[in-house]
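Q: Take this structure, written in structure tokens, and hold onto it; I'll ask about it next.
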Amino acid sequence: MSEAGEATTGGTTLPQAAADAPAAAPPDPAPKSPAASGAPQAPAPAALLAGSPGGDAAPGPAPASSAPAGGEDAEKKVLATKVLGTVKWFNVRNGYGFINRNDTKEDVFVHQTAIKKNNPRKYLRSVGDGETVEFDVVEGEKGAEAANVTGPDGVPVEGSRYAADRRRYRRGYYGRRRGPPRNYAGEEEEEGSGSSEGFEPPAADGQFSGARNQLRRPQYRPPYRQRRFPPYHVGQTFDRRSRVFPHPNRMQAGEIGEMKDGVPEGTQLQAHRNPTYRPRFRRGPARPRPAPAIGEAEDKENQQAANGPNQPSARRGFRRPYNYRRRSRPLNAVSQDGKETKAGEAPTENPAPATEQSSAE
């Protein structure tokens with residue numbers, strides 16, 4: 001009985017223990033080596049193998065969930081490709097407009113960032129009103145939008161006429177050193193007329209013709225130290241030839257002008273090189289005063305005699321107007337005659353007392 005009871009109890013307890021074993025297995029998983037289990041196992045991700053610097057393993061499902069969200073934002077659903085349409089209107093300042101599809105007559109929103117090939121001459125991306133363009137239709141937040149906008153067959157778009165053009169850069173304008181202009185009109189004539197040693201201008205047959213040949217600058221240029229004229233002196237009205245300093249090689253026979261005081265005539269007219277220089281006003285030589293007429297000299301003597309020695313004489317250098325002098329000549333002549341008679345009488349009266357005194361003695 002005891003053996004049978006033990007057998008029965010053992011038989012009843014074994015199935016219960018076996019039933020409890022699978023229930024307790026999940027919460028306590030034992031690590032098993034790959035060699036122990038015959039089933040192949042998937043390789044662990046690199047993030048789990050490497051782990052974080054703190055020793056904790058990085059969570060695996062987080063990157064998988066974020067990747068689809070970023071892909072949805074980056075890529076929009078394409079509804080149609082290579083669709084032709086006509087620009088309904090486009091605002092250059094705001095940077096958006098609408099394109100009317102030729103196939104479905106539907107208005108599609110277009111932004112300036114969707115323009116793939118812009119006009120290279122335009123500064124801003126834009127499409128012109130009524131222009132035919134080719135684009136892709138994608139699904140946007142508020143409806144259909146245009147993407148990859150180009151001209152027909154992938155050519156650049158024409159752009160709006162209200163869009164600003166790019167600045168035209170002239171060749172050599174910014175790279176040119178600041179200094180005097182290359183040549184003046186007056187210098188061209190002098191350089192063409194004169195002859196210099198060792199300078200033979202190359203023949204330009206067939207290279208330029210007509211007006212272009214006239215506008216072409218000569219090959220020879222004087223040294224920089226002799227071309228220090230600012231460029232804004234080109235349009236002034238004074239004679240530019242007087243400011244040109246002759247080249248030493250040009251001072252040959254036939255080119256040297258008349259010598260005045262050991263200096264060529266052309267160098268006497270040269271102005272100061274400083275554009276802000278203003279020469280001081282120099283008073284010229286005193287003009288020779290004309291000799292006074294006989295009548296005027298007598299008139300002055302009579303005036304001094306009438307005024308007496310105590311009265312100051314008239315201010316030296318005083319000149320009467322020319323018209324007044326001409327009008328007063330006949331009057332002066334009459335007065336001179338009267339004064340001359342008085343002057344003649346005075347000396348005759350003076351010697352009379354002298355004779356009387358001599359006789360009395």
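Indices start at 1 and increase along the chain as displayed.
Using the three backbone atoms N, Cα and C, a Cβ is placed for every residue, glycine included.
Residues annotated as region 'Disordered' in Swiss-Prot: 1-74, 173-361. The N-acetylserine annotation in Swiss-Prot covers S2 and rests on similarity to another entry. The phosphoserine annotation in Swiss-Prot covers S33, S52, S126, S193, S195, S196, S313, S335, S359 (among others). Residues or ranges marked as domain 'CSD' by Swiss-Prot: 82-152. Residues or ranges marked as compositional bias 'Basic residues' by Swiss-Prot: 214-230, 316-329. The omega-N-methylarginine annotation in Swiss-Prot covers R243, R315. As annotated by Swiss-Prot, compositional bias 'Polar residues' applies to 303-313.
Tell me about the setting of these features in this model.
A: When pLDDT is averaged over the domain 'CSD' (82-152), the result is 92.
Taking the Cβ of S126 (phosphoserine) as centre and 10 Å as the limit, one finds 27 other Cβ atoms among all the protein chains shown. The secondary structure of S126 (phosphoserine), as reduced to three states from DSSP, is coil rather than helix or strand.
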Q: Counting each residue once, how many in the domain 'CSD' (82-152) are helix, strand and coil under DSSP?
A: 4 helix, 38 strand, 29 coil
